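Annotation comment: TrEMBL describes 7-115 as domain 'Calponin-homology (CH)'. If you look up TrEMBL, you'll see 114-184 marked as region 'Disordered'. Annotation comment: TrEMBL describes 129-139 as compositional bias 'Basic and acidic residues'. What TrEMBL lists as compositional bias 'Polar residues' is 156-171.
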Amino acid sequence: MYSELDEEGLQDLYAWVDKIPLSRPKRNITRDFSDGVLVAEVVKFYFPRLVEMHNYVPASATHQKFNNWAHLNRKVFSKLNFYLPEDVIWKTSQCSPGVVELVLHTLRHKLEEKQKQKLSKTTSSSQELETRASGEKHNGNGIGNSPVSSKPKIHSTGNNIQQSQQTTEHSAVSLGKAQQGYVHTTQRDSDVRMLLKEKEQALLASQEAIKVQYCHFAM
């Protein structure tokens, strides 16, 4: 960051700064950025969560400017893998020519790196979600498969109904056969009783005949 920028590099840097909405008009970049407040606004424009603007007080006194820069160093630049040496902070606070441009040039580079890292993480997370969703779909557990899986359920329900009907019909046939068997059994029992009754009557008749013969013989 200590190498000087050429004219083309400076114009590119100024164009980059002009695209960022800031709270103060930019008249003299060395003086305007010397208290660190606009630098904090630049970072907040790209990463709002990194900066709390109430911590940075617009100042003309060198010691307050230094405090703003020191706070940026500890709370913001450290999260960008960026650190300003104390002598650079003093030079920036004292409006030394050409110093703030080098600081902004380095800051721009760090912000672009942070953006790339964020984009890479977002892309990786999206790919991971897509891979997981694809795996679930392949295993039949994904949401996309619910219509397909619902068809076998409906078909299975139809089979269950058909099987239930068949079971009911089979039960009815079995009940009919049982009732017919009961009728046959009842008729068979009736025939047996009649046969036994006939035999009983025949036995009684035989006994009566024997008694008659015995009485005749006794006389």
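For all residues, glycine too, the Cβ spot is worked out from N, Cα and C.
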Would you list the DSSP helix, strand and coil counts for the residues of the domain 'Calponin-homology (CH)' (7-115)? 75 helix, 0 strand, 34 coil
Arithmetic mean of per-residue pLDDT over the domain 'Calponin-homology (CH)' (7-115): 96
